[in-house]
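> In case it's useful when we look at the structure, here is the feature table from TrEMBL:
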- 538-550: compositional bias 'Polar residues' (COMPBIAS)
- 378-497: domain 'Cyclic nucleotide-binding' (DOMAIN)
- 559-628: domain 'KHA' (DOMAIN)
- 520-550: region 'Disordered' (REGION)
- 59-82: transmembrane segment (TRANSMEM)
- 89-114: transmembrane segment (TRANSMEM)
- 134-152: transmembrane segment (TRANSMEM)
- 199-223: transmembrane segment (TRANSMEM)
- 243-264: transmembrane segment (TRANSMEM)
- 276-294: transmembrane segment (TRANSMEM)
Amino acid sequence: MAETSSPLPLLFRRRSSGEVLKNLATVSSSLLPAFGTVVDDGYLHLRKYVIAPYDFRYRWWQTFLVVLVLYSAWASVFELAFKKASRGALLVMDLVVDVFFAADIFLTFFVAYLDKSTYLLVDDHKKIALRYVTRFWFFMDVASTLPFQFIYRIFTGKWHSGDVFGFLNLLRLWRLRRVSELFKRLEKDTRFSYFWTRLLKLIGVTVFAVHSAGCFYFFLAAHHKDPVKTWIGSEVEDFKHRSIWLGYTYSMYWSIVTLTTVGYGDLHAVNKGEKIFNMMYMLFNIGLTAYIIGNMTNLIVHAAVRTFAMRDTINELLRYASKNRLPEGLREQMLAHMQLKFKTAELQQEEVLQDLPKAIRSSISQHLFRKTVEKSYLFNGVSEDLVSQLVSEMKAEYFPPKVEIILQNEIPTDFYILVSGAVDVLTYKNGTEQFLTKLGSADMAGEIGVIFNIPQPFIVRTKRLSQVIRISHHHFKQMVQPNSEDGKIIITNFMQYLKGLKDDIRQEIPFLTELLEEQSMEPIGQDEQQNREGLDSANANPEGTLKTSNPSLSARTVRVIIHGHHPNEGTMSSEGLGKLIYLPDSIEELFRIAEEKFGNRGSAILMADGSQVEELDALRENDHLFII
């Protein structure tokens, strides 16, 4: 059996997902294997009679001991101040508590520990025992558990009247470290409110400080040589022989009044020792008050920090809009978008998931948006692999009502799929805004500009609060290029969508009517053959550009203007104005198109300056080509 065991598999021993999450929530330290450590089934179980430190039963045992620690912390100081209490019922309770902590010392010899160098659990009995015995913890655990006064009573047959055993009992305060460890774990446990956990911790620290100060102050009065010349003796005669709870009440009253800086003066220091203790206690109160105020301020401000950030950002936007004299409508859009950003911050995919591994982010995106992408017309019938790749690269965004998602004539960098809400498709014509159509869930916007590589032909504006997912032109081409069959399906879906558009929408897209006419005139067999050739060339193309049967739908969409005459020959005919076409894949194809447009087949291609074109890759958008 191996001497070390990885804690990672043990976190998932219980099959229930709810139990796994519950177990993970209670892990307070980084119980993770080191980088490069091989975790296999051989590490699945610890040695016999070895307890995992994160085992839920051991955690419940530790929580039970914390309850006993609270009693020990109260009783240790109380028994020092009120000696009579240490020999009554509290003595029996102390012995019972000590038995439980003695049992915990025994259990510690069987609890595996985490090796800080390898981050593996060590389950070797000898190593566990040697590590515990050679550490300071073992000595303090034993010293805080031994009932010294009871042992003295067994050996001598009488009770010791001095204060030495009272001070030895203060060693039990060592157990308070368990309370600190519990609060550290609770603060990291998402099942518990961080605010209330911290508040409970602050209350506990304050109560213990009040209790300890009051008991020590009574101890000073009880051991002064002249009981009358003490803070309580001047008010209560013969206080040593009065009820224990009377003295405790006076002590707590003085401690609370002093801690809160009220200081009524009815109980005040009389002798020199009490004055020194008062000064030390008030200095301590300054630090304690600062600690409490600082923590409470952080808790309260933390809840409002997003509100402060939102107000600061909005004020900056208002100053910017005022300085640049932006119109009221644009200013309202800016404010609406910023307010929506803060209201939906917890829903923004990027901001919430940016720290998660890519595999988890992809799984979440698949769960949220896969069905929407599959419903969109463009990806109808494509492979599941392509859908998964597309969804993983999509970004989710929210848009408030009456906000433009896409502006007319802007560069086509992204296209969008509407998840929820509704948008209007508009256009500007003759200086007026005209409504074209309305889009709903699973509809797409901006894909025409992206696929044709032309400025966006429409305005897309939200009607109400809308959620969209977007993907960039670059990522889209990158994923479609290796999938030739999917590319063919996408082009087919796109062409079918264009054919179904209304006439008023078609008129807003240049060359679309002519393109559809050419597509309808091509023989089916020729179309399939050209598609097959285009897809084969895409696989052979070192640049990986997607080529289709129609040059205008190629990934390399460059528009040029062709002329049927020499650049030095000016003409006022319709041919002289040129023809805007998409650059084909070869010079021969360009000559064929020129023959169709001008009626004569050329043999040379010239630029406007007279230079001859030998490679089409050297051409740029909107170049004028003269074919002679």
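Yeah, the Cβs are placed from backbone N, Cα and C, and that goes for glycine too.
Just so you know, TrEMBL annotations never went through curation; they're auto-generated.
Help me picture where these features are in the structure shown.
Per-residue pLDDT, averaged over the domain 'Cyclic nucleotide-binding' (378-497), rounds to 88.
Across the domain 'KHA' (559-628), DSSP classifies residues as 19 helix, 17 strand, 34 coil.
If one looks beyond the transmembrane segment (243-264) by at least 6 residues along the same chain, the residues whose Cβ comes under 8 Å of a Cβ in the stretch are 78, 81-82, 84-85, 206, 209-211, 213-215, 217-218, 231-232, 235-236, 278, 281-282, 285, 288.
Cβ atoms under 8 Å from those of the transmembrane segment (276-294) belong to residues 202, 205-206, 209, 213, 216-217, 220, 258-259, 261, 269 of the same chain, restricted to positions at least 6 beyond its ends.
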> Counting only pairs 6 or more apart in sequence, are there at least 3 Cβ pairs under 8 Å between the transmembrane segment (199-223) and the transmembrane segment (89-114)?
no
> Please report, as numbers and ranges, the same-chain residues at least 6 past the borders of the transmembrane segment (134-152) whose CB is under 8 Å from any CB of it.
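Hits for the transmembrane segment (134-152): 86, 91, 94-95, 98, 101-102, 104-105, 108, 159-160, 165, 168-169, 171-175.
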> In the same chain, which residue numbers or ranges, 6 or more beyond the ends of the transmembrane segment (89-114), come under 8 angstroms Cβ to Cβ?
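Answer is 5, 7, 29, 31, 46, 49-53, 58, 61, 64-65, 68, 71-72, 75, 78-79, 120-123, 125, 128-129, 131-132, 138, 141-142, 144-147, 149-150, 169, 175.
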> With DSSP helix as H/G/I and strand as E/B, how many residues of the domain 'Cyclic nucleotide-binding' (378-497) fall in helix, strand and coil?
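Split into helix, strand and coil, the domain 'Cyclic nucleotide-binding' (378-497) gives 40 helix, 43 strand, 37 coil.
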